[in-house]
Every structure is written in C-alpha cells, then in structure tokens.
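Shown next, in structure tokens, is the structure this report addresses.
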C-alpha cells in the first residue's frame with residue numbers, strides 16, 4: 001500500500017550481521033533526538049491511522065493506490081526515445097481497436113443479459129399466469145416464490161463464494177478506481193463472470209433492482225480484461241500490448257467501458273458518454289471524449305442489430321422488453337401555469353424523497369455490512385429472507401386492489417391479456433376485468449416502467465394502486481440494495497419516481513394539459529435527480545429512453561430543482577456509498593478547513609529513504625518491514641557535494657530490480673549497465689494475476705551485502721511542493737494531476753532534502769481532523 005504510516009513497524013529489529021547497515025540507518029528513525037535526514041521530522045504520535053481496508057462489493061479487502069502519473073525514470077526515457085513511428089502508430093491504432101472491442105463485447109454482454117432475464121422471468125410469469133387462470137392460487141404463489149428463491153440463492157451463492165466484489169451496483173467501485181483507488185478483484189475476470197450471471201439471476205428473481213449499475217461494472221471489467229497487456233502465464237502476450245502495462249492507459253479504457261455499460265443498459269450512447277464525464281471519471285480530456293463516444297456508438301449498433309434479429313421470434317420470449325425503450329411521444333407537449341407549479345412541486349418532492357432515500361440506504365448498508373462480515377452463509381440467508389419478503393409483497397399486494405372493467409373500445413384479447421406482460425392482467429379478476437396493481441408488481445421491472453410511462457392511459461391505474469405501489473417499491477428498493485447480489489439503483493429509483501409522478505398527474509386530473517405518462521417521466525427525473533445528483537447525463541439518458549425531445553425543458557427544470565433541494569440535506573447516493581465503504585476518494589475541491597493548514601502539518605510517520613547506490617540488504621529489509629509503495633532516493637556524498645533529492649522509486653520497480661540481481665560488490669554507480677541489461681517492459685505493471693512480492697525474492701547472504709544503483713528506476717522529476725504550501729492547494733494539485741505521491745520539501749536550505757511524502761490518505765478528513773481536533777470542519 002502507499003500508506004507510509006506503519007505505526008506497528010516503528011520498533012524494527014534486524015537479525016544477522018549482514019543487515020547491520022540497515023539497522024544503523026533505521027536507528028535514526030527510532031531516535032527522536034537525532035538529526036539525520038532519515039529520521040521522522042514529526043513527533044511519534046504523528047501517524048496516519050486511517051483505514052487501509054475498504055468494502056468492495058460485499059467483501060472487506062485491502063486497498064491500494066494507482067500510478068496514474070507518468071513515471072519518468074531512465075527506462076521510460078530510453079523506451080520513449082527508441083520508439084519508432086510505426087510503434088507510435090501501432091499504439092494509437094491499438095487504443096481505437098480496444099475501444100471497438102470494448103463496445104462490441106459490452107454490447108453482446110448487455111444483449112445476452114437482457115435475453116436471459118426476459119426468458120427466465122417470462123417463463124416464470126407465464127407459469128404463474130396459467131396457474132392463476134386455473135384458480136390454483138396457492139400453487140401459483142409457491143411456484144412464484146420458489147422460482148424467485150432458487151434464482152436469488154443462485155445469485156447470492158455466486159457472490160458469496162466466487163466473487164464478493166461483484167455484489168451491489170459496482171458504480172461506486174468503478175468511480176473509486178477511476179479516482180485512483182484499487183482493490184483486490186475489483187475488476188477481476190471472476191468478478192466479471194459473477195456480475196453477468198448474478199445480475200441475470202437477481203433481476204429475474206423479482207428483486208426491486210436494476211441491471212444498469214451492474215452493466216457499468218461489467219463494461220469496466222471487460223475493458224480491464226482487454227487492457228491487461230497480455231499474460232505470460234497463459235502465453236497471451238503480444239508485443240503491441242506492452243504499451244498498456246500501466247495504470248494510465250487502463251484508466252482510459254475503463255472509462256470507455258463504464259460509458260459502454262450505460263449505453264448497453266439504457267440504449268443511450270450519448271447518455272453513456274455524459275455519465276462517464278459527469279459521474280464516473282475523475283480526469284477528462286478531448287481525446288478520451290472521442291474514444292468513449294466511438295465505444296458507445298459501437299454498442300448502439302450492436303444492440304440495434306441484435307434486436308432486429310430477435311424481432312422475428314428467434315430469441316424466445318425476448319421481444320420489446322429488456323433493452324428498455326419507452327416511447328412516450330404523445331404529440332405536442334402543451335402545459336399551463338398549474339402544470340408548471342406541479343412540476344416545481346415534483347422537483348421539491350423528488351429532492352426530499354431522494355435525500356431521505358439516500359439516508360435510509362446508507363443506514364441499511366451499514367447494517368447489512370455487519371451481517372455480511374459474518375460469512376457466506378449469512379449473506380445467502382439475508383438474500384433468501386429479502387427474496388421471500390419481495391415475493392410475498394409482489395403476490396400479496398395485488399389482492400388489495402379492486403378489479404377494474406376493461407376500457408371500452410379496446411381490441412378483443414388485449415384486456416385481460418394472456419401474455420406474460422401487459423397493462424391489463426387479470427390476476428384473480430372475472431372476465432373483462434383486470435387488476436392494475438398486478439400489472440406493476442407481477443411483471444419485470446422494465447415492463448412495469450413501460451406501463452407507468454404509457455401515454456393516453458389516464459384511468460388505467462387507480463390512485464390507490466399508485467400509492468400502494470410507490471410505498472412498496474420505495475421500501476423494497478431500500479432493503480434490497482446491499483444484499484449479496486449484483487444490484488443497481490437506477491430501476492428502483494425510476495419505478496418509485498414514475499409512480500408518484502403518475503399519481504400527481506392523476507390528482508391534477510382535468511386541470512392539467514400534460515399526459516399522465518409525461519408526469520411519470522417527470523417524476524422519475526425528479527427522483528433520479530434527488531438521489532444521484534446528476535443533471536446533464538440523466539437528462540440525456542431519459543430523453544434517449546423515451547424518444548421525446550419535446551420534454552427537454554421540463555426534464556431540465558425538474559432535475560435542477562430536485563438536485564438543489566436534495567443537496568440541502570446530504571450528498572448523492574454514490575458519494576455516500578463511497579464514503580460508507582471506506583474508499584479514500586479524493587474530491588475535486590478542497591475542504592474549507594484545509595486553508596488553515598500547510599503541507600508539513602499533515603505529513604506523518606517515519607520517512608524511510610534510500611541512497612542512490614544502496615545496499616541490497618537495506619532495501620530488502622525495508623520492503624519486508626513496511627508496506628510503503630514509494631521511497632525517496634537521496635543523492636549523497638561521494639556522488640554529490642551535498643545531500644539532495646534524486647527522486648522516488650516505486651516498490652514494484654525495486655522488487656523487479658532485486659529479482660534481476662544486477663548488483664555490485666563496490667559502492668559505485670553502474671546504472672548504464674542496468675539500462676543495457678533490462679528493458680522498460682520488464683518494469684511494466686503486472687496484468688492478470690499478482691505482481692512480485694518480497695517473499696518471491698531469493699537472495700543469499702553474500703548478495704545482501706552487495707550494492708545496487710537505484711538511479712535507472714528513480715523518477716527524477718517527481719512533483720514537489722514547499723512545506724509551507726497551503727494544504728488546500730496541495731490537495732487540489734494532488735487531485736488534478738492524479739498523483740500517488742507528492743513530495744514535500746523544506747523551504748530553507750541546510751536541512752534534509754525532503755520533509756515527507758503526501759499520499760491520498762494524508763488528505764482524508766479523518767486523518768487531518770484527528771491530528772487537529774480543535775479545527776472547525778466547516779471553516
């Protein structure tokens with residue numbers, strides 16, 4: 001980890017005469033009274049005690065930081081100078097080729113996901129419908145609950161035993177990754193596998209969840225898999241792929257994958273690009289905009305082609321459903337003053353209900369995390385309990401609704417309908433009657449939204465039905481999110497918002513000129529704005545979903561109002577989840593209290609540094625006894641006249657250098673020999689599988705006493721700030737440049753060349769306010 005604040009490692013004992021040099025150098029760190037540059041520049045109690053673990057999915061695991069900075073050491077410079085024009089062309093071509101493959105793969109996975117959900121859920125609903133027609137109500141309930149329970153258990157088992165990181169929507173984890181946070185299996189192939197099949201089983205099981213969030217995570221996993229740079233273990237290496245053995249290029253690919261996931265889930269290519277820009281990515285530039293747009297365009301073409309292929313009935317029960325496209329185009333959109341007042345009211349209600357939703361989701365997630373920590377069995381039992389409750393609500397609540405006569409003039413056979421999805425479901429009703437609540441609860445979530453968005457259907461749903469459905473979906477959405485299955489928040493939020501939006505439209509009645517289907521859309525927009533706090537991307541996604549550009553001004557208005565109101569209470573749901581999971585996310589702004597501090601005020605822990613030519617045993621022992629990922633390299637006499645900062649060496653590069661055993665018995669510079677014997681690709685980030693560990697090194701006692709020149713692997717141009725720089729400016733600099741390490745140097749000469757190193761953990765509020773509890777967090 002890049003946390004350099006190992007409180008447990010302050011008392012280091014070194015055994016064996018071979019390592020007496022390290023013991024002598026570390027002794028300066030342990031002696032508060034000494035003045036060497038290897039000592040801590042702060043008192044012992046100035047340690048960073050922020051957590052180095054976080055919740056990823058439904059699992060607690062260690063976290064790392066990513067190296068988004070270009071590491072300009074001698075190997076990088078040599079590789080950059082030696083690149084030919086054809087190699088630069090290959091690199092550019094490969095970026096676009098991988099963007100195409102990400103779009104193609106994500107589109108295929110999105111289609112197969114929907115195909116599976118529609119067929120599994122469709123078979124289940126047809127079975128229930130046939131039993132209800134035969135008035136076998138108990139058998140219908142047990143068949144319904146049993147199918148849901150089996151599917152839910154399958155999804156939970158995959159998450160509990162194969163990839164706990166696949167639980168939840170995955171958007172907070174992807175957002176954290178693009179901010180520079182990595183965790184074990186966050187984008188692993190096993191996570192991708194469970195995300196796909198767990199999402200199919202979970203959505204088909206009738207939970208109030210969506211597949212949109214999991215699709216974002218799925219797209220990111222696909223991008224990560226394609227951008228691994230090959231695998232030596234499975235002999236999947238290719239010379240071109242070496243260009244992507246770094247976090248910076250993988251970050252761009254994963255941004256494309258996240259955008260492709262939204263495009264595949266909503267059939268909203270432009271909305272996918274804007275979602276990645278507004279919510280997911282922490283860094284953006286024009287070149288990335290082009291590639292994400294190209295990726296989502298590929299997704300759109302793939303989905304359109306596959307949907308056309310299925311229109312002739314070649315895909316089983318898959319038809320209009322699944323890849324949701326809600327056509328609420330009802331001609332000219334006319335509205336009066338009462339309509340505008342109602343829209344403002346919808347925005348306010350959406351903001352209040354959305355902030356309350358976020359608050360309750362946070363409380364439920366904290367409770368579920370306690371249960372999930374007890375082991376896989378408890379995760380599965382929790383999923384089963386929520387499944388049974390959801391089945392009881394979906395099957396039991398329609399009995400509270402009254403049977404409604406079919407509308408006059410409707411085509412014969414459409415009311416009540418016999419198919420698996422319709423707005424007119426008979427349930428227990430007599431001939432020529434339908435149960436409106438069953439058409440919302442005993443349906444796939446996509447079809448329920450489609451029914452709520454239906455235009456020119458003012459009286460199809462009773463006011464009491466909409467109220468019952470809203471309360472049920474609101475509560476079930478809260479208690480379902482957080483269980484150990486892949487689950488998204490978009491669909492529950494759209495369902496709840498569309499139901500109360502339609503309810504407001506019904507209450508207005510003849511006073512309003514807007515169709516109730518349009519009120520459903522505006523209600524969904526208000527609730528989305530109140531929970532997720534996005535505006536531009538949500539507006540475009542909703543317009544692409546509904547194919548109704550005439551609603552643009554009203555959707556913009558309701559989103560702005562709901563977001564403004566909700567911001568008065570708390571943060572967006574994904575921001576809250578990131579904080580709750582313990583992910584050290586760097587915001588794009590500095591906190592107000594940071595202006596009262598300077599960089600040196602939060603530098604913590606004992607700083608361990610190396611000489612340019614260092615003894616192998618000293619490096620080995622430092623790597624063994626700490627988890628630091630960055631070590632300052634100091635030029636010392638006789639190589640320079642005075643001690644000066646040479647740069648930073650990464651832990652991964654040190655391990656590769658030690659494994660190569662490019663040592664010397666004399667303490668002399670021999671970096672040119674190392675440059676000739678190694679290549680830049682040898683120091684590239686590991687792809688599939690884990691990189692080198694200190695335990696993998698096999699060094700003899702004789703080798704421990706030898707020396708190694710660290711200059712070839714040292715980033716000689718690290719970002720540095722003066723110790724007197726405002727902490728607020730340091731935080732903004734750290735965030736905007738995507739740094740992992742920020743060196744703090746002294747302002748006055750004659751002191752040690754480096755004061756300390758800042759990492760993202762040093763900017764976390766719990767660390768800063770822990771050091772200075774008297775500071776007002778709001779000032």
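Cβ coordinates come from backbone N, Cα and C, glycine included.
The phosphoserine annotation in Swiss-Prot covers 27 (among others), and the record cites a large-scale study or a structure entry as its basis.
The transmembrane segment annotation in Swiss-Prot covers 92-112 (among others) and is backed by sequence analysis.
As annotated by Swiss-Prot, transmembrane segment applies to 142-162 (among others). With a threshold of 8 Å between CB atoms, the same-chain residues lying at least 6 positions outside the transmembrane segment (142-162) that come near it are 57-58, 120, 124, 127-128, 131, 190, 193-194, 197-199, 201-202, 204-207, 376-377, 379-380, 383-384, 386-388, 390-392, 394-395, 442, 483-486.
Sequence annotations record features per position, and here Swiss-Prot assigns transmembrane segment to 215-235 (among others) based on sequence analysis.
Taken from Swiss-Prot, the feature transmembrane segment covers 257-277 (among others).
Swiss-Prot lists 287-307 (among others) with the feature transmembrane segment, giving sequence analysis as the kind of evidence. Listed by sequence, the residues of this chain that lie at least six past the ends of the transmembrane segment (287-307) yet keep a Cβ under 8 A from its Cβ atoms are 95-96, 99-100, 102-104, 106-108, 110-111, 252, 255-257, 259-260, 262-264, 267, 269-270, 272-273, 276-277, 281, 323.
Here Swiss-Prot flags 341-361 (among others) as transmembrane segment.
Counting residues 6+ beyond its ends, the transmembrane segment (380-400) has Cβ neighbours under 8 Å at 140-141, 144-145, 148-149, 152-153, 155-157, 160, 205-208, 368, 371-372, 427-428, 435, 437-438, 441-442, 468-469, 472, 476, 479-480, 483-485 in the same chain. Look at Swiss-Prot and you will find 380-400 (among others) tagged as transmembrane segment, backed by sequence analysis.
What Swiss-Prot records for 466-486 (among others) is transmembrane segment.
As annotated by Swiss-Prot, transmembrane segment applies to 488-508 (among others).
Annotated transmembrane segment per Swiss-Prot: 520-540 (among others), in sequence order, evidence recorded as sequence analysis.
The transmembrane segment annotation in Swiss-Prot covers 541-561 (among others) and rests on sequence analysis.
Sequence annotations record features per position, and here Swiss-Prot assigns domain 'CBS 1' to 601-659 based on sequence analysis.
Summarising the annotation, Swiss-Prot assigns phosphoserine to 672 (among others) and lists a large-scale study or a structure entry as the type of evidence. The number of other Cβ atoms within 10 Å of the Cβ belonging to residue 672 (phosphoserine), over all protein chains shown, comes to 12.
According to Swiss-Prot, the domain 'CBS 2' annotation covers 713-777, on the basis of sequence analysis. Counted with DSSP, the domain 'CBS 2' (713-777) comes out as 23 helix, 12 strand, 30 coil.
Under the heading transmembrane segment, Swiss-Prot lists 741-761 (among others), citing sequence analysis as support.
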Completion exercise
Per the Cβ under 8 Å criterion, with at least 6 residues separating them from its ends, the transmembrane segment (466-486) contacts 57-58, 152, 155-156, 159-160, 164, 166-170, 194-195, 198-199, 201-202, 207-209, 211, 213-214, 217, 353, 357, 360-361, 364-365, 368-369, 372, 379-380, 382-383, 386, 389-390, 393, 397, 400-401, 437, 440-441, 492-493, 495-496, 499-500, 502-503, 506
Exercise for the section: Please give the sequence-distant neighbours of the transmembrane segment (488-508): residues at least 6 beyond its ends with Cβ less than 8 Å from one of its Cβ atoms. Expected result: 169, 171, 208-215, 265, 338-339, 342, 345-346, 349-350, 353-354, 357, 361, 440, 445-446, 448-449, 452-453, 458, 461, 463, 466-467, 469-470, 473-474, 476-477, 480-481, 514-528, 531-532, 573
Handout entry: Per-state residue totals over the domain 'CBS 1' (601-659) - DSSP helix, strand, coil
Key = 20 helix, 18 strand, 21 coil
